[in-house]
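Trainee: Dropping a structure here in structure tokens format, bear with me for questions.
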């Protein structure tokens, strides 16, 4: 770099931002002839004015969203001094405005791939609203600069150099980012007061950065534009015809006074160094226009320096603030640009899989964009399902949440009453027909029931999740991850018992903390074990026998082991098994059992976790057994916490699918409702509530009847999340009401008794108490209850009217008949209207009990309020376990009542709504990771069995088309 050029850079960097400093000494732009006729257009003054305007805009943004700051990143490869000067100027201007500007300096050795990766990281960073790549690239290896500028997201290309933004400008779409120097030129022309429309404009120079975009901007400002360049003939004649002359040819003082039309506006974009012995620096800055001559002819003229240069930086800042404003606008935008899928209901209504196959789902990436997700927040699993990154919660942390609706049911028949179908009909009605931002949030179904008797759980008829095969089978593998994590813990538990029984303390300790390359070191999880034991030493070689013995030996009591292996199929022969029968296990065997995967405590942990850190802590806290002194043994004690978290890391991200009408559906976690809390994940609901925004709706469901799933949704899930539901939808059917009125048993696979296919008002009247108890259950939590009567073809209008009248008299907010199974969202519009009105009532939600109550008192509160029981009675074994859990510090946890789903009582054969009965609690255990104490009311199996004729008989794969057949 020449000494003359270095002096030029110093002069350039010192060029003042304050207009008051211009006009004396070294800063004078030809002061001797400043008194002549042309008006000087001060870019410095205009840029200062723009910066002040931008500073006010940034201040307003921070008031609109607390702590919001526009972000600019300036990427530089190498360390060219001229680039450093320009970067410092940009950062100085940004800081003055209130923009968070950072210099991302990368080494000369960087490769094109590495540079593209860095730019992609910035593209995906929500804190960054503008990115510029400083040119030229000062690199050791060849890098395609055009590819680099096009790698910057068009939405963050504040230099305006991306091909997309250039193309938008070329066709007159000025909604993209405009190149900074040409935009600055246009602003200077406008501020001169000269009318652009109809004027003759000549642009001298055709560079990508200045000449070409300047010509386009003038053209779309309605000037008549001619572009000239080094090959243009009669150049002087053409420029002399211009009312507006923009010069960026790169030749010092090329344009003479004779080239300029008298009174013309002349914008000089050039900057050159010219020797000048009269200057202390030995040189001066000049433009592409002979300034002295132009002053005599032009009407308006920009100086060099102090003309276009400051405007380039100012317009860069303006683009950055503009980008940040668009980000804020998208964040605050209330209405999704959702393209719904039309339904064409057929009569008679076809099977679920035929309906699902007839509807072509939209690409899941399209749906994700429609609902406001950024590409970096979505991991695609093919074209129809995706995972959503938890980073979306950080991006939307300040966004107001929508209305929260829980769909529950009356005590169901073995056939189910259509909660999921009603939920899907409701969200299709809200999203596709009422045009409200609406998200369904569902549990992922277990494969066990899918291949057993119940079938799938995607909804039914014209109110479904699609593709239903993906939904009902593997989806994205979350349940498999839960199974793997659960069984890893089970394997470590039995293995630890084996090793402790076959080794003495010292040998056990030496194997747990081995010397690696001559050095022994505790792992982080072992340090936590030491801390739990009150041992402060960190050097393994310093522990005494009294210290390393308790550290190495968990001393698990096999009779207290609560942890079971799992598999996600119905297998009755795994309900009781013996493990450790191989001779290699040296006679250390025990009786245990398998549960179905969704019954694992890890599934409940997944559903109740609020973050990765929260999940990891919950996994650590899981109690697998008690030691021989009665102290709890945890997953952390077994050293397995980190490994479990690794297996479950991706499973914590909710899955995105869609309804038959193209509205979004979140599918995540699937704990059973009779043995766990029976709700989808807190994280899925939270993501949904943020995405739908203030006026939107997230509709989720709670398993089985309100006495089971909804009670746990409120007392466990909402207590954990801190969210308060705005309304409860109570799903009922005439069929279920008749059953509770004394109707014949409803048996899967068997024809319905004619009591259910003919009008029978007497049975309906007798069965209403069951429905009314469920209405009371919702009211006990302060929620407005909307009864949705899921219409069946055998129902009669008189039966419907009887149910609606009774529901309203019992205090339901509304009672409507819904036909979503046959009609899709259109059949649930009345339900949607009722839900909207219910959510406008104001939130009066309250919990049922305080955690400080003793465990048995909490059980009694649930049983008497939710079930109508007189009291709970604990078996001696349950009483002993309550005492043990209370002594161990678990007395302040919420209660998860595990009981049959087909009755308010502990006996599934007792229907209706009995009062004052005794509820027997046979067993009590803690799910410390999930954060609740389970009370077992009677025998509830955690491993279903296959029926005589399971659904597998009808399920097949068409090897010609690859389609799955027979799912329902």
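Note that Cβ sites are derived from N, Cα and C of the backbone, with glycine treated the same way.
Here's the feature list from Swiss-Prot:
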REGION    1-338  region 'Methylenetetrahydrofolate dehydrogenase and cyclohydrolase'
BINDING   86, 87, 88, 89, 90, 133, 134, 135, 305, 306, 307, 308, 309  substrate binding site
BINDING   205, 206, 207, 230  NADP(+) binding site
REGION    339-968  region 'Formyltetrahydrofolate synthetase'
BINDING   413, 414, 415, 416, 417, 418, 419, 420  ATP binding site
Trainee: Where residue 205 (NADP(+) binding site) and residue 309 (substrate binding site) are concerned, what is their Cα separation in Å, rounded?
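Mentor: Rounded to the nearest whole number, the Cα-Cα distance is 17 Å.
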Trainee: Across the region 'Methylenetetrahydrofolate dehydrogenase and cyclohydrolase' (1-338), what does the mean pLDDT come to, as a whole number?
Mentor: 89
Trainee: In Å, rounded, how far does the Cα of residue 86 (substrate binding site) sit from the Cα of residue 416 (ATP binding site)?
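Mentor: That comes out at 69 Å between the alpha carbons.
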Trainee: Out of 134, 206, 207, 230, 305, which of these binding-site residues is nearest residue 417 (ATP binding site) by C-alpha distance?
Mentor: 134
Trainee: Report, in whole Å, the straight Cα-to-Cα distance of residue 420 (ATP binding site) from residue 305 (substrate binding site).
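Mentor: Per the Cα atoms, residue 305 (substrate binding site) and residue 420 (ATP binding site) stand 70 Å apart.
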Trainee: Out of 307, 416, give me whichever of these binding-site residues has the highest number of other Cβ atoms within 10 Å.
Mentor: 307
Trainee: Among the binding-site residues 134, 230, which residue has the largest number of other Cβ atoms within 10 Å of its own Cβ?
Mentor: 134
Trainee: Out of the binding-site residues 413, 415, 416, 419, give me the one sitting nearest to residue 207 (NADP(+) binding site) by CA distance.
Mentor: 419
Trainee: In whole Å, how far does the CA atom of residue 416 (ATP binding site) lie from that of residue 134 (substrate binding site)?
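Mentor: Computed Cα spacing between residue 416 (ATP binding site) and residue 134 (substrate binding site) is 64 Å.
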Trainee: Which residue among the binding-site residues 88, 90, 206, 419 has the fewest other Cβ atoms within 10 Å of its Cβ, if you could check?
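Mentor: Minimum Cβ neighbour count within 10 Å, taken over the binding-site residues 88, 90, 206, 419, occurs at 88.
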Trainee: Measuring CB to CB from residue 415 (ATP binding site), give everything in the same chain under 8 Å that is also at least six residues away in sequence.
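Mentor: Spatial neighbours, sequence-distant, of residue 415 (ATP binding site): 735, 746, 748.
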Trainee: Near residue 420 (ATP binding site), which residues of its chain come within a Cβ-Cβ distance under 8 Å, counting only those 6 or more away in sequence?
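Mentor: Non-local contacts for residue 420 (ATP binding site): 442, 457, 458, 459, 460, 701.
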Trainee: Looking at the binding-site residues 305, 418, which sits with the largest number of other Cβ atoms within 10 Å of its Cβ?
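Mentor: Checking each of 305, 418, the winner is 418.
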Trainee: Just name the most isolated of the binding-site residues 207, 413, going by other Cβ atoms within 10 Å of its Cβ.
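Mentor: So among 207, 413, the binding-site residues given, the one with the fewest Cβ atoms within 10 Å is 207.
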Trainee: Could you state the whole-number distance in Å separating the C-alpha atoms of residue 206 (NADP(+) binding site) and residue 419 (ATP binding site)?
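Mentor: Cα-Cα, rounded: 66 Å.
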Trainee: So among 88, 90, 230, all listed as binding-site residues, which is physically nearest to residue 419 (ATP binding site)? Use the C-alpha atoms.
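Mentor: The answer is 90.
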Trainee: Taking the Cα atoms as reference points, how far is residue 307 (substrate binding site) from residue 413 (ATP binding site) in Å?
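Mentor: Counting only the Cα atoms, the answer is 81 Å.
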Trainee: Quick check: with 205, 206, 207, 230 left out, which same-chain residues have Cβ atoms within 8 Å of the centroid of the NADP(+) site Cβ atoms?
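Mentor: What remains near the Cβ centre is 204, 210, 211, 212, 229, 248, 249, 250.
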